[in-house]
Every structure is written in C-alpha cells, then in structure tokens.
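Note sheet for the following structure.
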Amino acid sequence: MVCFRLFPVPGSGLVLVCLVLGAVQSYALELNLTDSGKATCLYAKWQMNFTVRYETTNKTYKTVTISDRGTVTYNGSICGDDQNGPKIAVQFGPGFSWIANFSKAASTYSIDSISFSYNTGDNTTFPDAEDKGIITVDELLAIKIPLNDLFRCNSLSTLEKNDVVQNYWDVLVQAFVQNGTVSTNEFLCDEDKTSTVAPTIHTTVPSPTTTPTPKEKPEAGTYSVNNGNDTCLLATMGLQLNITQDKVASVININPNTTHSTGSCRSHTALLRLNSSTIKYLDFVFAVKNENRFYLKEVNVSMYLVNGSVFSIANNNLSYWDAPLGSSYMCNKEQTVSVSGAFQINTFDLRVQPFNVTQGKYSTAEECSADSDLNFLIPVAVGVALGFLIIVVFISYMIGRRKSRTGYQSV
C-alpha cells in the first residue's frame with residue numbers, strides 16, 4: 001500500500017490518500033479524508049470501472065472499457081460544512097473525473113448522487129469519435145444510511161445511462177465520521193443482505209482433516225473481449241477452482257452457461273474478467289514480455305462461498321501460459337495455476353489468445369509440453385531400451401553357458 005499526502009483542502013485540513021497497489025493494482029481506491037483537526041471525517045474504499053459506447057466518424061459504434069486509471073488525484077474532495085455536504089472528487093486518465101455527493105438528515109446520511117465525466121476528444125481512448133468534448137453522466141441515488149454506520153456493498157452494483165455503464169463493487173464508505181473514528185457498525189446494501197443466504201454452489205466441503213472429493217471434469221466455455229466491433233481476446237477453457245479457507249477445502253466447477261465475460265485490451269496488457277451469481281470477479285491479466293511473447297501475469301478472485309462468506313485472493317507475480325505474440329496458447333491436458341496456497345485453478349481443454357486476434361479467430365497454437373507428441377515417445381523409448389537390455393543379458397547368458405559346457409568337455 002502506498003500512502004501520500006495531497007494539498008490542503010480549505011476548511012478541512014489535509015487529505016491522506018492510500019492507493020492499494022500490487023495485488024489489485026489499479027482496481028481499488030481508498031480515501032481517508034481529515035478535517036482541520038486531523039480527525040477522519042470521511043472514509044471510502046471501493047472498486048469501479050466504466051464501459052462507454054460512442055459513435056465514430058463512419059457512423060458505426062465502438063465500446064471501450066475504462067478500468068486502468070493510471071495517475072489518480074482527489075482535488076476537490078471535502079469533509080463538508082454548513083453550506084456544502086461532503087464530496088469525493090476523483091480525477092484520472094486523460095479527462096476522466098468522478099464525483100460522489102453526500103448529505104445529512106437528523107438520524108441518517110445519504111449518498112445523493114454520482115457523476116462521471118469523460119473526454120471523447122482523447123483519441124487514444126476514443127479513436128475516431130464523431131463528437132469531441134467532455135460528456136457528463138449524472139445518477140441520482142438517495143441511498144440512506146444510519147448516522148455513524150459504515151456502508152458496505154460487496155456485491156456488484158451497475159448503473160446504466162446514456163451509453164455509459166458504471167460498475168461498483170467492494171464498496172465501503174462512511175461520511176460524517178463521528179469523533180474521527182470509522183464505525184465498526186455496518187449497514188449492508190440490499191444485494192448483500194440477500195446474499196447472506198448461502199448461494200447454491202456445486203461443491204464438496206469436507207471436514208478439516210480430509211481432502212475434497214475429486215470433481216468431474218468441468219465443461220469448457222468460450223469467452224471473449226471486444227474492443228469496439230472487433231474481438232481482441234479469446235479464451236476457451238474448463239475451470240475448476242480449489243479453495244482452502246479455515247482449513248476447509250472446496251472444489252468448484254465453473255459453469256460456462258451462467259458465467260459472463262468482460263474485460264479490456266491494451267497494447268501491453270489484457271484483462272479477462274469472469275463473473276456470475278456467486279463469483280463477483282475472476283480476473284485473468286495478461287502481459288507482454290520482451291516485446292515478442294505474452295503470458296498470464298496476474299489472477300484476482302472474489303467470490304461467495306457456500307457458507308455465505310467472501311473469499312478473495314490476488315497474485316500479480318505469476319508466469320503461466322507463455323507463447324509468442326501473434327499465436328495462441330493451447331493445453332488440452334489438465335494444468336494447475338497456483339495463485340496461492342489457498343487457491344489453485346485447474347484448467348482443461350485450454351486455449352487462449354489475449355493479443356493480436358484476427359477476424360475473431362485463434363491463430364496457430366503453441367502447445368504446452370503436456371500435449372507435445374514427444375511425451376508419447378518417452379515411454380516408447382524406455383520400453384525399447386529395456387527390451388534391448390533384456391536381449392543383451394539373455395545373449396550374454398547363453399554365450400557364458402556355452403563356454404562353460406565346452407570347458408567341461410575338454411576335461
């Protein structure tokens with residue numbers, strides 16, 4: 001976690017901002033806003049991304065997903081006073097900004113509204129945009145929360161308006177913090193209240209002293225990510241999750257028929273995100289190395305377990321599924337991606353291409369060593385060698401026996 005101090009906010013002291021990096025990189029934000037007495041007045045931690053559909057100069061439509069925010073600032077965030085309520089203001093990337101406004105009543109406070117602004121004049125993010133300029137989308141929320149309660153919403157919440165889809169999850173926020181201490185009392189969003197009932201997951205949960213019963217081979221699903229009208233990432237795979245929490249092991253097969261895919265593609269990174277009713281997100285992040293190969297660099301997961309708890313793990317220091325750029329990686333045999341000691345992913349019938357997809361089809365595949373034909377030659381070679389050794393021993397034995405008989409006849 002990297003912490004730094006920003007500029008003084010008039011009437012509200014210094015802003016201390018912590019960006020959670022590493023495991024979740026640019027996806028998580030955390031803000032601790034202090035007043036002139038250096039006491040916390042507003043706390044927030046959340047994750048978000050945006051999908052924008054826009055018209056191009058040739059009268060077609062493209063869609064972009066904004067999740068990598070780059071440098072983030074919080075200019076204009078305030079604790080609030082008698083005239084103005086608290087506000088979180090975030091600026092990122094080329095012309096993006098996001099604002100959340102709060103207000104207070106007698107015994108409650110409210111998240112009143114959210115506004116998101118983007119700049120279609122940025123040719124990198126919005127190539128060939130017909131209309132250039134800053135566009136703002138306002139959403140009225142009026143979410144009421146008891147005073148001195150921390151609002152929590154782990155579930156995915158989606159706002160859709162004017163060709164913009166806003167996704168929020170893992171949200172923690174408290175405005176009007178009392179006595180500078182963030183509350184331990186939590187007020188859950190409606191989605192999290194309903195999720196306290198254990199979701200239906202086909203899984204085996206044995207006793208702590210046993211190992212999970214092996215599951216049948218999972219069904220392979222095909223997933224894709226689009227950049228505008230073009231497919232930029234393809235993945236086909238059967239996924240089996242191995243989870244250990246509190247010494248209890250679970251095996252979960254992902255059902256591709258109820259799993260949705262989103263993501264983003266950039267020149268040196270690509271993201272495939274899977275989600276379902278029980279999986280908030282399962283991220284596969286790919287990267288380019290040495291300008292000529294790609295590999296799986298990062299896996300992030302957050303999901304509901306059978307007991308209703310949330311399981312979250314991230315690792316951004318992986319090295320799997322290595323193949324040349326312009327090709328796909330394929331492995332039909334079972335492989336294991338070890339994300340951590342508590343989380344592994346078994347893959348079956350895997351084929352993936354996160355870069356340079358042409359006409360929505362896979363390029364020539366580089367096979368994993370487990371699929372290579374050379375593996376079938378190894379047992380054959382060993383068998384031939386053993387057979388030859390047996391023949392040599394047998395011939396040596398026969399020659400030795402013959403010489404022995406000749407010696408006896410001479411005597």
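Using N, Cα and C of the backbone, Cβ positions are placed for all residues, glycine too.
Disulfide connectivity taken from TrEMBL links Cys189 to one of Cys153, Cys232, namely Cys153. Neighbour counts of Cβ atoms within 10 Å were taken for the disulfide-bonded residues Cys153, Cys189, Cys331; the minimum is at Cys189. In sequence order, Tyr329, Met330, Cys331, Lys333, Gln335 are the residues near Cys368 (disulfide bond), counting only same-chain partners six or more apart with C-beta under 8 A.
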